[in-house]
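If you check TrEMBL, you get these features:
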DOMAIN    1-56  domain 'HMA'
TRANSMEM  80-98  transmembrane segment
TRANSMEM  104-121  transmembrane segment
TRANSMEM  141-162  transmembrane segment
TRANSMEM  184-202  transmembrane segment
TRANSMEM  336-357  transmembrane segment
TRANSMEM  363-385  transmembrane segment
TRANSMEM  680-696  transmembrane segment
TRANSMEM  702-720  transmembrane segment
Amino acid sequence: MTCASCSARIEKKLNRMPGVQASVNYATEKAHVTLPAGTAVADAIATVEAAGYTATLPEPSASGDAQPEDAETLRLRQRLLVSAALALPVALLSMIPALQFTNWQWLALVLAAPVAVWGAWPFHRAAWVNARHGAATMDTLVSVGVLAALGWSLYALFFGTAGEPGMGMSFSVVARPGSGTDEIYLEVASAVTVFILAGRYAEARAKKRSGAALRALLDLGPKMASLLRDGVETRVAAASLAVGDRFVVRPGEKVAADGHIVDGASAIDAGMLTGEAVPVEVHPGEPVTGGTINVHGRLVVQADRVGADTEIARMGWLMEQAQSGKAEVQRLADRVAAVFVPVVLGLSVLTLIGWLVAGAGAAPAFTAAVATLIIACPCALGLATPTALLVGTGRGAGLGILIKGPQVLESTRRVDTIVIDKTGTITDGRMALARLAALDGEDEADVLRLAGAAENGSEHPIAAAIVDAARGRDEELPPAEAFESMQGFGVQAVVDGHLVLVGRLPWLVGHWQVPVTDEAARLHHDQEQAGLTSVAVAWDGRLRGLIAIGDTVKPTSAAAVRRLRALGLHPVLLTGDNAGVARAVADLVGIDDVIAGALPADKADVVRRLQGDGRVVAMVGDGVNDAIALATADLGIAMGTGTDVAIEASDITLVHGDLQTAVDAIRLARRTLGTIKGNLFWAFAYNTAAIPLAMAGLLNPLVAGAAMALSSVFVVTNSLRLRRFQPSAA
């Protein structure tokens, strides 16, 4: 497929099959087809081939596979560079009389012919395929315009006077009577080819690569597993595990498959899948998901689901479905070209016939017809999208905003609802000290210092947060002796001669009989209600303080939400965390609508439900658990500090991970879309205003080519205005 109209044509052909429902995505080059009973896949493939295209069943995705798009883009780049190197001297010779030596035109022909034939071959091939099926696109105009300019140049060189020694090129706004066979238009044929190739190359680099998100997701799964048989561990490929196999997971390793714990206890970091910032304590009999990380402790897990049945594989399937089902974004140039191209071709033929019927000679008739084609040749039309996109994305890159392609822009104009993930988007996504309360007359510094010293020997993320906070106040922590960790409960150690206990309050009360006052119970309750993890600190048998650990809200999040509202967007907080945590964070940043406890598939369902209510939804997230929702949303915005899966599934990436940048991303995308529309308008205005002059014979093809070039200069200049885009004030 070479343009959006190609995917629309394939989709139309497939949907004409009885009982077939098809959605063809130009960006990913995939079709999602639902076939009724009795219709074979081969029938659908045959329908696609009958339309002039090829189709194959997708191979199972494999991590790290080379992308065919890379090779195609490399070939396009090579074609562009070679064509540009050949076209530059042709343009200089044709436009600068001082460089025109004797018989220069023949050198220009030698240089321009490969550009017009080989360089423009992708357009010629696409135009031929379209013509066979009674269709015309922008490729048709490019091909016909280039071939017409080359063909007339050959005619003028071999049968006219343009091939004579001493021939010179000069501009003439008004065509001279009988002129044409003494002029060549090789610079038009070569320049049009180079300009359009440059646009296609820019598009190829910007276009979202199909399957990248799925491969990034599959990379989360471990490659190897420690298979346990008869007490002996053997390293095997994770893909070779079968249901019922038992495997060992050591601290820091990933769980190889979905299963349940047979032996051992630990904390599992499932943040990449669930969005939970705090690792979850697990014990024998409890389920674990493949791809999650064992924080501490040795586990023996029995595999319950392997291969394509795992949660990660299921998420990959859901993501692929969401991407295939995205609404087709018809690019403006192709939509207009669907009408513009046949009209221009018809006008060119009518011009030729009209001049011949009027009694004019073949030379002026053909000159006027070629001028009509060239003045309408869509060089500026082809540059309208990629130049604005390149300048806009270049400016965005300087602001930490990456817009992946033109298919993103139209959605930004219509977005009215923005769904925001909590962990890593509104919050930092890491544990930190949130509150510190000293009890029984103790000093806060002493509570934190002794707790940090006791936790210094623990590998738990909550312990790390306490240690970091303590070291932030005291560079050196006192040494701890007789350290002992009780998994899932807390730690004990002797610090400065005190038996220090740090852990869950019920553990201190039930196991150590530490008394709790009403004030302490109230503080503990308040911390838990705020969505924080309350850690009790005691020594010498008395409760000395409560430390609240939580995922901290980014300092810019509240301002970002206000700016999103000012932009006319309705914010919705969506998270896999519990309702208490979600509500507390929402209140801090000023969001009214909160949806908590959402699993990865649930997040996508929430987006679909909002879309079903008539809303155009943008989704902001950073984790694997957000990837399906990002792909489902009309506009996916990923934090660059997040996972590769989320980034690849999104349409816009915020490099710095700041939610405030999401506002500027939408503003910049809308401004870029407006520039593209302006470019398209002026590209057509330049060309169509001159078409009547060309048909009347008042413009020769050389002037027509100059007018076409002028429209291109205007388009580029208009696009450069995007470089002055400024981020809004915080």
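From the backbone N, Cα and C atoms, a Cβ is placed for every residue, glycine too.
Only residues 6 or more beyond the boundaries of the transmembrane segment (336-357), in the same chain, are considered here, and those with a CB under 8 A from a CB of the stretch are 5, 136-138, 140-141, 144, 364-366, 368-370, 372-373, 376, 378, 381, 680, 684, 691, 694-695, 697. Among residues of the same chain six or more beyond the transmembrane segment (104-121), those with a C-beta under 8 A of the stretch's C-beta atoms are 79, 82-83, 86-87, 89-90, 93-94, 142-143, 146-147, 149-150, 153-154, 157, 162-163, 167, 184, 186-187, 189-190, 192-194, 196-197. Counting residue by residue with DSSP, the domain 'HMA' (1-56) contains 22 helix, 10 strand, 24 coil. The list of residues near the transmembrane segment (80-98) in space but at least 6 beyond its ends in sequence, with Cβ under 8 angstroms from a Cβ of it, reads 104, 107-108, 111-112, 114-115, 118-119, 168-170, 184, 186-187, 190-191, 193-194, 197-198, 201.
Per-residue confidence over the domain 'HMA' (1-56) averages out at a pLDDT of 82.
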